[in-house]
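This is the structure I have questions about; it appears just below.
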Amino acid sequence: VHLTGEEKSAVTTLWGKVNVEEVGGEALGRLLVVYPWTQRFFDSFGDLSSPDAVMNNPKVKAHGKKVLGAFSDGLAHLDNLKGTFAQLSELHCDKLHVDPENFRLLGNVLVCVLAHHFGKEFTPQVQAAYQKVVAGVANALAHKYH
């Protein structure tokens, strides 16, 4: 991902304020509610029968935190996203058979959640930088797909 110095600074400054557990759980929960077909990858998560059930599901929250932990690793290695996400790409492709489009959907949901949490601080410039990052992460996660 090519970010200017200003964009990198905007991304890392805001990310330093992100509650990974809260934002991760909300982002994954919203993905599962807004795009219900993504729920099929989470059969072991128990009750996903309603938006409330999804948003309050402890397994959704825990996995959302894990997902954003990996995203944090990506932010620390913006110049090598493909390398950073190579193993996760392989796992999601070969073992989990996740449609790579879901990575793009989750990235866009994450941007919405960040905008919701940070309001005016999430300026159009910050959003543009984050859109570049989530697109880069989605591409890196899709890299191992045949």
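Including glycine, each Cβ sits where the backbone N, Cα and C put it.
Per Swiss-Prot, the feature N-acetylvaline maps to VAL1. Positions annotated as domain 'Globin' by Swiss-Prot, on the basis of sequence analysis: 2-146. Annotation source Swiss-Prot lists phosphothreonine at THR12. The phosphoserine feature in Swiss-Prot is assigned to SER44; the stated evidence is similarity to another entry. Look at Swiss-Prot and you will find LYS59, LYS82, LYS144 tagged as N6-acetyllysine, backed by similarity to another entry. If you look up Swiss-Prot, you'll see HIS63, HIS92 marked as heme b binding site. What Swiss-Prot records for CYS93 is S-nitrosocysteine, and it gives similarity to another entry as the kind of evidence.
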What's the most sparsely packed of the modified residues THR12, SER44, counting other C-beta atoms within 10 A?
SER44
What kind of secondary structure is the residue listed as 'N-acetylvaline' part of, going by DSSP in three states?
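For the residue listed as 'N-acetylvaline' - judged by DSSP and reduced to three states - the answer is coil.
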Where THR12 (phosphothreonine) and LYS59 (N6-acetyllysine) are concerned, what is their Cα separation in Å, rounded?
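With distance taken Cα to Cα, LYS59 (N6-acetyllysine) is 27 Å from THR12 (phosphothreonine).
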Mean pLDDT over the domain 'Globin' (2-146): what is the value?
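On average, pLDDT over the domain 'Globin' (2-146) sits at 89.
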For a quick check of understanding: among the recorded positions HIS63, LYS82, which residue's Cβ has the most other Cβ atoms within 10 Å?
HIS63
Once the DSSP letters are reduced so that anything not helix or strand counts as coil, what is LYS82 (N6-acetyllysine)?
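Once the DSSP labels are grouped into three classes, LYS82 (N6-acetyllysine) ends up as helix.
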What does DSSP call CYS93 (S-nitrosocysteine) in the simple three-state scheme?
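Note: CYS93 (S-nitrosocysteine) is helical by DSSP.
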Just to be sure I understand the packing, how many Cβ atoms besides its own are within 10 Å of the Cβ of CYS93 (S-nitrosocysteine)?
17
Cα-Cα, whole number of Å: the residue listed as 'N-acetylvaline' versus the residue listed as 'S-nitrosocysteine'?
22
Just the number: how many Å between the Cα atoms of LYS82 (N6-acetyllysine) and LYS59 (N6-acetyllysine)?
27
